[in-house]
Structures are given as C-alpha cells and as structure tokens.
Amino acid sequence: MNALMDLGAWTLEQIRHVGRMAIFALQLFKELPASLGRFWLVVQQIHFIGNYSLLIIAVSGLFVGFVLALQGYYILVSYGSEQALGVMVALSLARELGPVVAALLFAGRAGTSLTAEIGLMRAGEQVAAMEMMGVDPVRRVLAPRFLGVVISLPLLACIFTAVGIFGAWIVGVVMIGVDGGAFWSQMQAGVDVFSDIGNSVIKSVVFAIAVGLISLYQGYNARPTPEGVSRATTRTVVISSLMVLGLDFIMTALMFSV
C-alpha cells in the first residue's frame with residue numbers, strides 16, 4: 001500500500017513539474033522577441049555556449065568518423081561494396097549521429113554550465129536583486145541564453161557531421177585505400193539536401209529547444225544551496241539525454257516513415 005501511495009505521489013509531482021515547465025516555457029517564449037532587440041546579448045551567449053563547446057564537438061566528430069569508416073569498410077568489403085563507404089558514413093552522420101551525439105555532448109558541456117550559472121545566480125540572490133530593481137530576469141538573463149542555445153547547437157551539429165565525414169575520408173581513402181572519387185561521388189549522389197540535411201537541421205533545432213528549456217528550468221528552479229545546484233546539474237544531464245533520445249525516435253519515425 002505504501003509503495004502504491006509513493007508511486008502516486010511521485011506521479012503527481014512529475015505532472016506538477018510538467019505544468020511548471022510549460023508555464024516557464026510560455027514565459028520564456030513571450031520574451032524572445034524583446035531579446036532580439038538586444039542581439040549583442042545573444043551574440044555573447046553564442047560565443048560562450050558555442051565557442052567553448054566547439055573543441056569537444058570537433059574532436060568527438062573526428063573520432064566518430066574514424067570508427068564509422070573502419071566498421072563500415074569491414075562490413076562493406078565482405079559484400080564487395082566498399083565504394084559505398086562515403087554515402088554510408090554521410091547518411092549515418094547526417095540522419096542520426098550528427099544531431100544526436102552533438103546534442104548529448106552539448107547537454108553535458110553547455111547545458112550543465114547554464115544550469116549551474118543560473119542556479120548560482122539565484123543562490124547569490126542576483127535574480128532577486130534584478131526583480132527588486134524592476135529588471136525582468138527572464139528577459140535579461142534567460143531569453144538570450146535560450147536563443148544562444150537554439151542558434152549554437154544546429155551549427156555545432158553541422159560541424160560534427162562535417163568533421164566526421166572528413167575523419168572517415170582520412171581512414172577510408174588515405175589509410176585504407178578506398179577510391180577517393182567513388183567516396184565523394186557516391187556520397188553526393190546518395191545524400192539529399194532536403195530529406196537528409198534538412199531533417200538533420202530540424203532535429204538539431206528541436207534538440208536545442210529541449211536542452212535549452214531543461215537547462216534553464218532546472219537552474220532557475222534549483223534550491224539556492226550548493227547541493228541544490230549540484231542536483232540540478234545532474235538532473236539536466238539525465239533529463240536532457242533521455243529527451244534527446246526519445247525525440248530522436250519520434251522524429252525519425254515521422255521523417256523517414258514510408
């Protein structure tokens with residue numbers, strides 16, 4: 001009986017969290033047009049969020065390309081289709097690995113940073129001070145950071161995909177000896193700009209919205225203590241990762257269904 005009551009209490013608490021996040025998202029979206037008028041704040045966040053995440057995104061993309069080329073070659077060569085290595089790597093990165101892995105890395109690097117930053121601002125009563133001075137913290141603090149996330153993540157996902165393809169070219173063409181002309185020509189013929197690259201960008205934007213909302217919500221509603229901020233950053237990584245994987249399944253089913 002106690003277990004059933006605990007389950008019911010947990011379910012109600014999660015429903016309340018969903019409702020609070022929906023209200024938080026509406027307040028945030030309402031302030032986005034005003035933030036565009038102060039675009040220099042958004043540019044600062046793009047530099048902070050995107051630039052500092054660039055290295056881990058690029059290095060990870062390079063090694064993912066290495067592994068894809070090795071595994072893909074060993075599979076394709078057994079069927080005599082090693083010339084299709086380029087298109088296989090490009091489709092794998094553009095459709096799935098590029099946006100998904102970039103979003104997961106972004107959540108672990110930039111998402112936790114945003115949560116900790118906002119949580120520490122609340123713990124230091126900076127947010128309360130803004131409210132006392134008549135400054136809306138959602139407009140001044142949260143909205144520029146959200147726009148920075150939405151702009152940065154799709155660009156980082158494209159960089160991840162491009163670097164991954166370059167890494168696959170190094171392993172497949174330079175090291176293994178796959179024909180370079182076939183590598184690029186089959187990739188060009190097999191990758192569609194709208195259905196593959198376009199859907200990849202759409203996925204990245206959706207992931208960015210999800211990661212941005214979760215990161216800012218967790219930081220803004222964290223308990224104003226070191227332990228509370230620490231737990232909020234942990235929740236950001238866990239919830240963002242699960243949300244990215246779940247949204248990826250849903251969007252893949254919708255985009256590539258027959």
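Each residue, glycine too, has its Cβ placed from N, Cα and C.
Heads up, TrEMBL stuff is auto-annotated, nobody curated it.
According to TrEMBL, the features are:
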- 54-77: transmembrane segment (TRANSMEM)
- 83-107: transmembrane segment (TRANSMEM)
- 146-177: transmembrane segment (TRANSMEM)
- 197-217: transmembrane segment (TRANSMEM)
- 237-256: transmembrane segment (TRANSMEM)
Hey, which bits of the same chain come close to the transmembrane segment (54-77), Cβ under 8 Å, at least six residues off its ends? 84-85, 88-89, 92-93, 97-98, 101-102, 105-106, 109, 156, 159-172, 176, 178
Remote residues contacting the transmembrane segment (237-256) - C-beta distance under 8 A, at least 6 residues beyond either end: 95-96, 99-100, 103-104, 107-108, 111-112, 195, 199, 202-203, 206-207, 210-211, 214-215, 218
Intrachain residues whose Cβ lies under 8 Å of the transmembrane segment (83-107), provided they are six or more past its termini: 53, 56-57, 60-61, 64-65, 68-69, 72-73, 76, 149, 152-153, 156-158, 160-161, 164-165, 168-169, 172, 178-179, 182-187, 189-191, 196-197, 199-200, 203-204, 207-208, 211, 214-215, 236-237, 240-241, 244-245, 248, 252, 256
